[in-house]
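Asks: Feature table excerpt (Swiss-Prot):
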type: BINDING; residues: HIS89, GLU91; note: Zn(2+) 1 binding site
type: BINDING; residues: HIS96; note: Zn(2+) 2 binding site
type: BINDING; residues: HIS143; note: Zn(2+) 3 binding site
type: DOMAIN; residues: 41-149; note: domain 'sHSP'
Amino acid sequence: RALGPLIPSRLFDQFFGEGLLEYDLLPWFSSTISPYYRQSLFRSVLESGISEVRSDREKFTIMLDVKHFSPEDLSVKIIDDFVEIHGKHSERQDDHGYISREFHRRYRLPANVDQAAITCSLSNDGMLTFSGPKVPANMDASHGERPIP
């Protein structure tokens, strides 16, 4: 449930690679909730670099907004029980000057996710979706290291 701009609606809500605005530098506009939560007065929640993790009985899913990165800028790997997502692009020009971006995310996979059946896709609007089916408790899920295309 969303509780407005004061409380993040998603655990990993972040504004990576967005740059600073003038109100970010003024102390009376800063968030009193937490020094790690950046409240935005001018951006919608849908443009905030959202990362959402879902886990139900059938599957485990990660959805990550990577709209500022091309597919060539992204790397997705499984190392043991972790998914590692890395994005980096070199300096390029935008409306406000030059900018370079980089992020690194690491998520622990549930033990019952079948790592051999994991898929990853990137939508046209920049949403990276990583999904893996869960196996019943009596079956063994495969583990190891492999890159996800």
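We number each residue from 1, going along the chain as drawn.
Heads up, the Cβ atoms here are built off N, Cα and C, so glycines get one too.
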Asks: Counting other Cβ atoms within 10 Å of each Cβ, which of the binding-site residues HIS89, HIS96 scores lowest?
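Replies: Among the binding-site residues HIS89, HIS96, the lowest count of other Cβ atoms within 10 Å belongs to HIS96.
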Asks: Give me the DSSP three-state residue breakdown of the domain 'sHSP' (41-149), ordered helix, strand, coil.
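Replies: Across the domain 'sHSP' (41-149), DSSP assigns the residues as follows: 9 helix, 59 strand, 41 coil.
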Asks: Within 10 angstroms of the C-beta of GLU91 (Zn(2+) 1 binding site), what count of other C-beta atoms is obtained when all protein chains are considered?
Replies: 9
Asks: I'd like to know the mean pLDDT over the domain 'sHSP' (41-149).
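Replies: Mean pLDDT for the domain 'sHSP' (41-149): 84.
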Asks: What whole-number Å value do you get for the CA-CA distance of HIS89 (Zn(2+) 1 binding site) and HIS96 (Zn(2+) 2 binding site)?
Replies: 17
